[in-house]
Amino acid sequence: MSNVSVTTRPTQPRPQSGPAAHQRRARPARHRDDGRAGYVFLSPWLLGLALVTAIPMLVSLYLSFTDYDILSPWSDIQWVGLDNYRTMFTDDPAFWHAVRVTLVFALIGTPLKLGAALGVALLLNRSFRGAGLFRGLFYLPSLLGGSVAVAMIWRSIFDRTGAFNVFLGWFGIEGKAWVNDPSTALGTLILLAVWQFGAPMVIFLAGLKQVPVELYEAAEVDGAGTVRKFLSVTLPMLSPVIFFNLVLETIHGFQGFTSAFVLSGGTGGPVDSTLMYTLQLYLKGFANFEMGYASAMAWVFLLTIGLVTVVLFRTGRFWVHYSDGDD
Amino acid sequence: MVTMTAGRRPFITPRAVLLLVLTAIVLYPLVWMVGSSFKAPEEILNNVSVLPDTWTPENYPDGWTHFDVAFGRFFLNSAMVASLTVVANCTSCLLAAYAFARLRFRLRGFWFAIMIGTLLLPSHVLIVPQFVMFRSFGWVGGPWPYLPLIVPHLLATDAFFVFLMVQFMRGIPRELDDAAKIDGCSAYSAFRHVILPLSRPALVSTAIFSFIWTWNDFFRQLVYLSDLEKYTAPVALTLFIDSTGQSSVGPMFAMSVLSLAPVFLFFVAFQRLLVEGINTTGLKG
């Protein structure tokens, strides 16, 4: 199994010398039939690309300029031009609530999650017996945490009579109904996301193993202490992995749906405080049947995620250090 | 793990203490959930202890029959959707990956770039038009409403698994299928006799992750399943949200534990593989 992970570990750019070079050599006539075979093998994927991705994207773009509730026949579709977009930006407070909630969730949750992941990875990055067991146990929430079941449990823990308040009671602190209070409901969602720090932690651990020991030895010779070594060796060497995790977790964060749906009982409440963007999109499309409006929201979402990714890659140039690159 | 003092180094270092405390905090919600599923209803919410004061298995039969349709039906539906997804993903993604990794054909680079582009495409963006389309096919609310959940996987739309398998196949020595071709194998028989048997590890990863992700998936199942009889376990669990009150808390805990059990068993059985596999994926989990 290890070769699966080794070949795609983010810190290792795919070597150009191996299979690719060989390909060039082994080109002669026996590959002639590859052309047709290639498309035969690719045909399910091509069909999927057209049917499940490309055509729906175009339909979605079209629908976003229309007023369409799914219940009436196709002929009832009303072309409304940019009305959906105009309403969204100027006349729909819930839209802006959703944008705010999603931004807070992603921009606060992601750094906290990555911080926890890096911190625990540093603790585990030492060979001792049982290290593998700890790694597995910390990873477990990542495997289970996205489920409806865990979100239901989370809801009970942070309820008025829930376990968290009993715990606070031991210290004489009066708790409250955390999930029903608009000022703290989103906090419980963020906590649930941070709790699932195991997946990025595993990736950090793999990255830490790649840092050459010589660098630490050289730093020690130069008199660097623990903090100095972390700042001057670990962080720069780990920056490609940090970047990889940051991009994935940010995009992932924007798409949080299940926990918000469950903790708010499918409403995004209390007072829109957990109205994640995807939840609002779902409510517009599948509760109100405003398919046109929901499509417009989907396109704004897609463009925003694209923009955020581009921005991340742009800023990445300034702090991501590739040791095998030119800089 | 505490027994692993083994002589050489003392186990009780500050680092070990910190790790143990962190493990306790991280695992507490899960352990508490399992323990609470055996508590009496009035004890569940305000007993922070992991162990019940009085053990009662009552919540399990109560939860099983809490709604008009027994939970066994929901679990069967979930298992069916997850298993079919596993088969669909393993087949379709393997075919596409073979084409990308090993065959030369026009526009291969272009299609590969498109495939990578779809890796990060959020499923929420396409849900509305897909729903409209599948509904017009008569699949939504039809006799077998799982078609919209399965068919996209048959068409290799899980780009992530295609990518995983392409990366894996690039690690298989090319001499092997070249030799097969010199011996007169076509691209098809080289696939069947060389690539397919050697791709088993990638198929196992794909199968396990497909199963877990589908089992946990909620968004698409929520959108496409409207008939109680056809609900999957996650969708059925949300029914507990509306039925508040003490009487449903215990059953809710019991059914939540049951619904996580398969994923947990997978974790126990394939821990190493899952943890290493996440290195290829990073996302989800």
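Just so you know, glycine gets a Cβ as well, placed from its N, Cα and C.
With a threshold of 8 Å between CB atoms, the same-chain residues lying at least 6 positions outside the transmembrane segment (B:12-31) that come near it are 50. The transmembrane segment annotation in TrEMBL covers B:12-31 (among others).
Sequence annotations record features per position, and here TrEMBL assigns transmembrane segment to B:74-98 (among others). Non-local neighbours of the transmembrane segment (B:74-98) in the same chain are 115, 146, 149-150, 153-156, 158, 161-162, 164-166, 168-169, 191, 195-196, 199, 202-203, 206-207, 210-211, 214-215, 221, 230-236, 258-259, 262; each lies 6+ residues outside the stretch with a CB under 8 Å from one of its CB atoms.
Marked as domain 'ABC transmembrane type-1' by TrEMBL: B:75-270.
Taken from TrEMBL, the feature transmembrane segment covers B:110-132 (among others).
Taken from TrEMBL, the feature transmembrane segment applies to B:144-166 (among others).
Beyond the transmembrane segment (B:198-215), the same-chain residues lying 6 or more positions past its ends with a Cβ under 8 Å from any Cβ of the stretch are 78, 81-83, 85-86, 89-90, 93-94, 153, 158, 161, 164-165, 168-169, 172, 176, 233, 262-263, 266, 270, 273-274, 277, 280-281, 284. If you look up TrEMBL, you'll see B:198-215 (among others) marked as transmembrane segment.
Per TrEMBL, transmembrane segment is recorded for B:252-275 (among others).
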